[in-house]
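Below is one structure, written out as C-alpha cells; comments come after it.
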Amino acid sequence: MGHNQVRDIVIVGGGTAAWMAAAVLATGLPQGRGTITLVESSAIGTVGVGEATIPPILQLNRLLQLDEGELIRRTQATYKLGIEFRDWRELGASYFHPFGAYGADLGGVHFHHYWLKTQQGALSDYSLPAAAAYAGRFAAPVEDPRNVLSRLSYALHFDATLYAAYLRDVATGRGVTALDGRIVDVALDGESGWVRSILLEDGREIAGDLFIDCSGFRGLLIEEALNTGYENWSHWLPMDRALAVPSQCSGPPVPFTRSTAQDAGWIWRIPLQHRTGNGHVYCSSFVDDQQAADRLLDQLDAPAIADPRPLRFQTGRRPKAWNRNVVALGLACGFVEPLESTSIHLIQQGVTTLLSLFPRDGINKAEVAEYNRLMQRDFERVRDFVILHYKQTLRRDTDFWREMAAMPVPDSLSHRMELFAANGRVMIEPGELFTETSWVAVMLGQGLTPNGYDLQADLLPEAEVREKLDRMRTTIARGVQALPTHKSYIDRLCAG
Ligand SMILES: Cc1cc2nc3c(=O)[nH]c(=O)nc-3n(C[C@H](O)[C@H](O)[C@H](O)COP(=O)(O)OP(=O)(O)OC[C@H]3O[C@@H](n4cnc5c(N)ncnc54)[C@H](O)[C@@H]3O)c2cc1C
C-alpha cells in the first residue's frame, strides 16, 4: 500500500465519535509528529443521543487522564450499575443485567453453576451491583479485594452534547485544530483513489494523509466518496426507528438504565442529574410513528421538556472500517441498536485499535487488514449479544415477538445458546466484551433454563454450598447498606 507517511490527520464531524477520536489521537500520538484537524459543521446537527455507556469507558477516561469528578460535573452524569429489563422475557417479568460478577466462584467452578444446582434465592441477590442499583446506592469500588465493595463495576450515563463539548476542550487543549465549515466535496487522488482533500462550502480545501470519517450515518467519505458498502443486519435486528425525548427528573436518579419491552421494540429510560433521557426504539413494519410516540409519551414518569425527536437507522456495518486512507468511526462505521449501550464503546474500540496499529511509515496493508478483522469481530460479538434478547423470549403476544422468536440467528449465537441450554456453560475467549456474568444474566433473564450444570459443582457437599451461598447474600446485603445513596455520592463529587 505504501503511500505517504501519515503526518496530517483530518477528522470529519463534530459529534461524539469525532471528539472521542480527536481526544484519543491527540493524547496517544507523539507530540510534533503532525497535525490533527477536525472539521465540523454547526449548520448540520449531531445525533445528540447516546447517553448510556458500559464499564470500559473508565479505561478511556484513564487513557485520556480525565478527572472523573470533573467529567461528572461537566456532563451532568450519573452512575450506571447495569440495565434493568422489564417485560422482555414475558409481560410483567423483569431481570437485571449487572456490571460485575455474581457471588464468588468456588473450587474453580463459576458461581452460577452452584446457583443452578441449588436455585437458592434470586440470582440478583448475589450481585452487589444489582442489589446496590435497586437500593439506589453507589460508591466507587474499594481497592481491597477482601472487601465485598471491591466487586462493584460501573459505567456512566451522561448528556451526549455536554460530553462532546467536554472532549472538545480536552482535544483542543492538546493541540487539535477545529474548523467550522460544511463539506461539499471530497477530492480523490486520480491514480490511487485515496482521499486527497475535503472541500468546504466557503472554498477552503483541507488536505490530509489519513482521514477519520465521523460524519454520521451518511458516511461522507467512507461511503459517498469511497463506496465501501454496508452489510445489512436488519433481518436479525429489524428495529429501524427511534424517538428520543427528555423529561424532567421524577426523583433522585437511579444508578441504572431501564429498558422496557414494547409491542415491537422497547423504551429506554436514562437518568441524568438535570433531566431523564427517554426513547422508543421500534420496528416500523409493525408500529407506526404516531403509535410509537403515544406509547413513549404515555410511559414518561414526569413531563416532557421537548418534543420527541425522530431518528432512522439500519443495523449493520461497513465491510471495511478502514478503506484506503479513510477510517470510519461511530455511526459512519456501523450501528447496532442501543439496547446494550455499545455504540460509544465501539467508537472507543475503533480509535484505540487505530492507535495500536497507527501507521509508522505509510499505511500498511497487513495493519489495515488486522484493523478490519478486529473491528468485524467486535461488531459481530455485540450483534450476537443484542440478538439474544429478541430471539430468546417467552413472549408470543404480538406478531413482532412471534417473528423474533422464530427467526434463524447467526451460527455463532445459536452455538452459545445451545451450549448454555445443555449445562449452563459460557466459554469466554480473550478480548471478549461481554463477560460470563453478562451472558448468564441475559440468558437466564430471558428464560433460557439449562438442563444441567457443571459436573464439578457436585464436588462440594450440598450443605456446604448452601451455607456459602447464604453467607454471600448476607455479605452483599450488608455491603449495600454501607454504601451512600447514589444522589448523595454525586452531590458530594459535584460540590468537590
Ligand atoms: C436512538 C439512538 C440511541 C442511542 N443510544 C446510545 C447509547 O445509549 N449509548 C451509546 O453508546 N450509543 C448510543 N447511540 C449511538 C450514539 O448516539 C452514537 O454512537 C454517537 O452519538 C456517535 O455519533 P457520531 O459522532 O458518529 O455521529 P453524529 O452525532 O451524527 O455526528 C456527525 C457529525 O458529522 C458532521 N457532518 C455531517 N455532514 C457534514 C458535512 N457535510 N460537513 C461538515 N460536517 C458534517 C455533523 O455536523 C456532526 O457533527 C444511540 C444512537 C441512536 C440512533
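Every residue gets a Cβ built from N, Cα and C, even glycine.
TrEMBL lists Gly14, Gly15, Thr16, Ala17, Ile344 as binding FAD, and of Leu29, Leu331, Leu357, Leu374 the one it places in that same site is Leu331.
Taking a Cβ distance under 6 Å to any atom of ligand 1 as the criterion, the binding-site residues Thr16, Ala17, Lys80, Glu340 reduce to Thr16, Ala17. Note on the binding-site residues Ala17, Leu331, Ile344: the fewest other CB atoms within 10 A surround the CB of Leu331.
Gly15 (FAD binding site) counts 25 other C-beta atoms within 10 Å of its own C-beta, drawing on all protein chains shown.
Around Thr16 (FAD binding site), the same-chain residues six or more apart in sequence whose CB sits under 8 Å from its CB are Thr46, Val47, Gly50, Ala160, Tyr163, Ala164, Leu167, Gly330, Ile344, Ile347, listed in sequence order.
Residues within less than 8 Å, Cβ to Cβ, of Gly14 (FAD binding site) and separated from it by at least 6 positions along the same chain comprise Leu38, Val39, Glu40, Ser41, Ser42, Thr46, Ala164, Arg168, Ala178. For the binding-site residues Lys80, Glu340, the greatest number of Cβ atoms within 10 Å around a candidate Cβ is found at Lys80. Same-chain residues that are not part of Gly14, Gly15, Thr16, Ala17, Leu331, Ile344 yet have a Cβ within 8 Å of the Cβ center of the FAD site turn out to be Gly13, Ala18, Trp19, Met20, Thr46, Val47, Gly50, Ala164, Cys214, Gly216, Leu329, Gly330, Ile347. Rounded to a whole value, the Cα-Cα separation of Leu331 (FAD binding site) and Glu340 (L-tryptophan binding site) is 16 Å.
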